[in-house]
Amino acid sequence: MSWLSKLMPSGIRTENTPAKKRSVPEGLWEKCSNCGSALYGPELEENLEVCPKCDHHMAIRARARLNSLFDPDTATTEIAAQLGPVDVLKFKDQKRYGERIKASQKASGEYDALIAMRGTLKGNPLVAAAFDFAFMGGSMGSVVGERFARAAEVALEVGCPFVCFSASGGARMQEGLFSLMQMAKTSAALGRLREAGLPYISVLTHPTTGGVSASFAMLGDINIAEPHALIGFAGPRVIEQTVRETLPEGFQRSEFLLDHGAIDQICDRREMRNRIAELTAMMMRQPHPQDADAA
């Protein structure tokens, strides 16, 4: 210790005194992946994971998405919550599929990549499902297909609309043909809804690709997308390597798809609840949500 350090009061740092590290709680601040702004975690969560600086739509967990859709302080019932994935094929690549399942369940806190619930939206009954991209990239396996089909069946029994928020890399390769079968299974479930005259609204979020985009994600009576979402079967890099041409700017983004008639609307996540309420009320010939709220 130097003679100066001995003379200085204990609360004052000298050149040789190490600075004390301040502990910042994990998750308190997040960085926008688009503009790089530092964002206060609780405020970002309240804004539904949309950057207040540049309006970039960041990833949002499935439960948070569904909670933002259904009426607050009302009961919701989770559909087929007890279902969990099984490694039927004993699949192994760099890891065993069973190990991947356990790791994803631990990291995400979910049994699989799709959550389905029954509740109310502005007082009207609704069934909704949402993908959680944190679980194996939102890939579609047997549990995802079964939960989707059961959710459609509940909507059929209740006689209410069905909404699905897609965020997926496509079919889950570790389940092989069992995964591909879900494309037909989910499409057939939507066929039964259509026969009953019940609306299905598909909300495509970033990213929606592969077998999910080639099945129920594009089968909505109305297809809505979030801004700048990547939507397509194969990724742009794969397509460029195949056709050996440079793709147009913004190719496979929601704005490009809207301009070319592949989707019906683009809606900001913060306005999604009101938009879906208006559309479902109109399609079910129910009172306008604002009129119902006023009453």
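Using N, Cα and C of the backbone, Cβ positions are placed for all residues, glycine too.
Positions annotated as region 'Disordered' by Swiss-Prot: 1-20.
Taken from Swiss-Prot, the feature domain 'CoA carboxyltransferase N-terminal' covers 28-295, and the record attributes it to sequence analysis.
As annotated by Swiss-Prot, zinc finger applies to 32-54. The list of residues near the zinc finger (32-54) in space but at least 6 beyond its ends in sequence, with Cβ under 8 angstroms from a Cβ of it, reads 60, 64-65, 68, 268-270.
Contacts of C32 (Zn(2+) binding site) defined by a Cβ separation under 8 A and a same-chain sequence distance of 6+ are given as L39, C51, K53, C54, H56, M58, in order along the sequence. Under the heading Zn(2+) binding site, Swiss-Prot lists C32, C35, C51, C54.
Sitting within 8 Å of the Cβ centre of C32, C35, C51, C54, and not among those site residues for Zn(2+), are the Cβ atoms of S33, N34, G36, S37, L39, P52, K53, D55, H56. Long-range Cβ neighbours of C35 (Zn(2+) binding site) (same chain, at least 6 residues apart, Cβ-Cβ under 8 Å): C51, K53, C54, H56. Counted over every protein chain shown, other Cβ atoms within 10 Å are most numerous around C51 among the binding-site residues C51, C54.
Looking only at the domain 'CoA carboxyltransferase N-terminal' (28-295), the predicted model's pLDDT averages out at 95.
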